[in-house]
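Dumping the structure here so I can ask a few things about it.
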Amino acid sequence: MAEELGLGFGEAVPVEMLPEGCRHRREARTGLAARSKACLALTCCLLSFPILAGLSTLLMTGQLRIPGKDCMFPTVTEERSAPSAQPVYTPSRDKPKAHLTIMRQTPVPHLKNELAALHWENNLGMAFTKNRMNYTNKFLVIPESGDYFIYSQITFRGTTSECGDISRVRRPKKPDSITVVITKVADSYPEPAHLLTGTKSVCEISSNWFQPIYLGAMFSLEEGDRLMVNVSDISLVDYTKEDKTFFGAFLI
């Protein structure tokens, strides 16, 4: 509202006066600003509390290193590694194996340069075949592919030595040497393969002699392979005891 103010010079100057409502609105705006600042301060306090609590927890558990400090609380952590793939292990009791012992041989005619195959006992005394290993018709049959240790000991015995310059009439009764061969027969190979061979001279041996030949080694075999033992003179093989002449194989 406007009022006239006299200045003493005969003139009146109008003065603009603020109404009462405007003063109330200015005071209201000032109070609202003060309350907003108070609410903001309270909100900051409430938000900072969980942050401070989390930092305190990290410090207590040793997960946060304080700059300038070399010490930190030790923590015990349990490491759990994922299980790694392990090769399949077959217990020895489940692996194919066989141990054959000698039996009395029946001499059969064969070619001059051909080695006779021995017959074996497979289920009496010390002899056995286990876990699908099979013996049939002089052959030890391999049931599954793998690395096998094959062994054999053949003991020869004689009563006279007929080597050197002995007459040809008696010479065919006794050879100059004795030979043992472990042979593999496979369907995938056209001819028998000699795996192991052992030879000894008997010319220097006097009467009533015994001479063992042992063979043994590891071979990679396929399912269906057949093994046999051949000798140069089947009539000289000692079959009196099963611990003198034997033949066997087992999967490693």
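Cβ coordinates are placed from backbone N, Cα and C, and glycine is handled just like the others.
Sharing the feature lines straight out of Swiss-Prot:
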TRANSMEM  40-60  transmembrane segment
TOPO_DOM  61-252  topological domain 'Extracellular'
DOMAIN    96-252  domain 'THD'
CARBOHYD  Asn134  N-linked glycosylation site
DISULFID  Cys163-Cys203  disulfide bond
SITE      Ser188  site 'Important for binding TNFRSF6B'
SITE      Glu191  site 'Important for binding TNFRSF6B'
CARBOHYD  Asn230  N-linked glycosylation site
Looking only at Asn134, Ser188, Asn230, the recorded positions on record, which one has the least crowded Cβ, with the fewest other Cβ atoms within 10 Å?
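Each of the recorded positions Asn134, Ser188, Asn230 was scored by Cβ atoms within 10 Å; lowest is Ser188.
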Return one of helix, strand or coil for Cys203 (disulfide bond), based on DSSP.
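Assignment for Cys203 (disulfide bond) reads coil.
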By CA distance, which of the recorded positions (Asn134, Ser188, Glu191, Asn230) lies nearest to Cys203 (disulfide bond)?
Asn230
Relative to the Cβ position of Cys203 (disulfide bond), how many further Cβ atoms are located within 10 Å?
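Counting Cβ neighbours of Cys203 (disulfide bond) within 10 Å gives 13.
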Limited to the domain 'THD' (96-252), I'd like the whole-number average of pLDDT.
89
In angstrom units, rounded to an integer, how far apart are the Cα atoms of Asn230 (N-linked glycosylation site) and Glu191 (site 'Important for binding TNFRSF6B')?
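Their Cα atoms are separated by 15 Å.
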Measuring Cα to Cα, how far is Glu191 (site 'Important for binding TNFRSF6B') from Asn134 (N-linked glycosylation site) in Å?
22
